[in-house]
Amino acid sequence: MEPQKKLINSAESCVDDALLGLVRASGGLSLLKGHRVVLRSDLENLKGKVALLSGGGSGHEPAHAGYIGAGMLSAAVAGGVFASPPPGSILAAILSLHNAGASGVLLIVKNYTGDRLNFGLAAEQARNQGVAVDMVIVAEDCAFDQPSKAGRRGLCGTVFIHKVHNNSLIDVLFTLETAQLTPGTLGVSLSPCSVPGCLPSFDLPPGDMEVGLGIHGEPGIKRSKVASADEVVKTMIDHMTNPSSQSHLPLKSGDSVVVCVNNLGALSCLEMAVVTRSAIICLESLGVVVARVMSGLFMTSLEMAGVSLTLMRADKETLRLIDAKTTAPAWPNLSNVCLSGRSYITEPQTTFKRPQDEKHSEGPLSPVMHKALEKICSTLLEKQEELNSLDRASGDGDCGNTHAQAARAIQEWLQGHVVPGCPGKLLSVVAGLVQEKMGGSSGALYSLFLTAAAGHVTEGRSNAAAWATAMNAGTEAMKKYGGAAPGDRTMLDALCPAVDELIKLATAPSGGHMAVLQSAVKKAASGAEATRDLKARAGRASYISPNLVSLPDPGAVAVATILKAILEVLEGRK
């Protein structure tokens, strides 16, 4: 027995369970007891109006029950999966609408023999009971150059017909000028589908696609290799509009169309958006005006990984009907703006100037800051392999490389720029360079630290207390956005003890500043060393078994290294 690959309760109950799920989730729908018939729950509002009834096999959800609501269908009849509904249920639906006071019932039926027979039989039986009933057949398939006697199949274009009816003609049943409104549809698929409890409907080797298939799992008219979305869509539209085909959709430059890009079941939303783009561009290149686009799941074929395109020429009145409000749950919330000729790119109002590109002027602090930066960079480059090997124990082995990238970027900047006298401006510059060149989460963390610290040290406010405040602000920003804390085996295990020590700068006498700095650097080094014994609770190392990690955290070692480099420069200035 084939293992279950569908999230259902049983193949036998899936249609009834699905109908009940739809009705329970929508306040505007109800189920007709004893039948697979979904009705508007406000049938009293049909009094004196033409009611619209559609239906067909299940497996095409959200068709047809999803299109029930004010402004669309009044009811829908469901058969088994890909099976025409029984005439008894169709008749029960017609009579429910008639008894609710509808002036007549129009059946919208897809062109399949089973549907024509069963809906036709129910229509004849309803007429014998005095119901005004009529039937319109939707047959808009563009696949066959020479359709057989059975004619063109009814596909996703049926959804347009559900919408473009004219309820204002209360006593007139002939509500559709079908010749003018006939859409055209063509489908392609990259996979078959399988009816619950059955094997796939056809075999399709990987890399192949079926062109011109129906909605019942049947194969198409030809098979070809999967090409790019643009090429596939162009092939589809060329086929649909080819005048030498008897089932083509006549389309000429200047025509206005409504487009439906219909997911046959299993294409991702991303692919659907790509195909939608292709369709709009292809139609516009033919001089066709794209007035409206629907893109999504409208008439599916269970889980088929494919797409169908439906095009319908649209005059002003058709667009008015397409735009008319409906409460049907599956009809999309379309914009009522013509899509072709619309300006759809917004220019940014302000251009962000990168701190590293701005002009800066030197100040008294520039030489020492220049020296400190150079020392940090050369030290990190020397430590590149050491940091990499530490990272190989717990990460992807590139900690040294990412720090080296940042160091090289800073060195390069130093060659062509003056170091600003304002420390905050320099921190912003380094933040910008690190954000752009370092990459990864460490690049973001350093940049956060530097950006948050920058506002606390200015040219006029760069004393020891201001630096202590800046370092503290940077660390707090790292904690806030990174989600880590001391003890989680991250760079914070070196940084936080150092910053706790540096806060003492605010109260230390000027002669004691160097002692505080030396103590802070020692705290950073011992904090980094202590990470050997910590279990990683944040960052990439947190996914590694703790007994595999016996070396210190490379991020913490890097922080201790940077602080030590700064101290060495400051000590040399004494």
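Quick reminder: no glycine exception, Cβ is built from N, Cα and C everywhere.
A TrEMBL annotation is a machine prediction, not a hand-curated record.
If you look up TrEMBL, you'll see HIS216 marked as active site, tele-hemiaminal-histidine intermediate. Listed in sequence order, GLY57, GLY59, PHE82, TYR112, SER201, SER301 are the same-chain residues at least 6 apart in sequence whose CB falls under 8 Å from the CB of HIS216 (active site, tele-hemiaminal-histidine intermediate).
Positions annotated as substrate binding site by TrEMBL: GLY57, SER58, GLY59, HIS60, LYS110, ASP115.
Feature annotation from TrEMBL assigns domain 'DhaK' to 10-331.
Taken from TrEMBL, the feature domain 'DhaL' applies to 367-568. On the 0 to 100 pLDDT scale, the domain 'DhaL' (367-568) averages 90 in this prediction.
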*asked:* On a simple 10 Å Cβ count over all chains shown, which one of the binding-site residues HIS60, LYS110 is most densely packed?
replied: LYS110
_Recorded substrate site residues GLY57, SER58, GLY59, HIS60, LYS110, ASP115, farthest C-alpha pair in Å_ = 15
*Relative to the Cβ position of SER58 (substrate binding site), how many further Cβ atoms are located within 10 Å?*
25
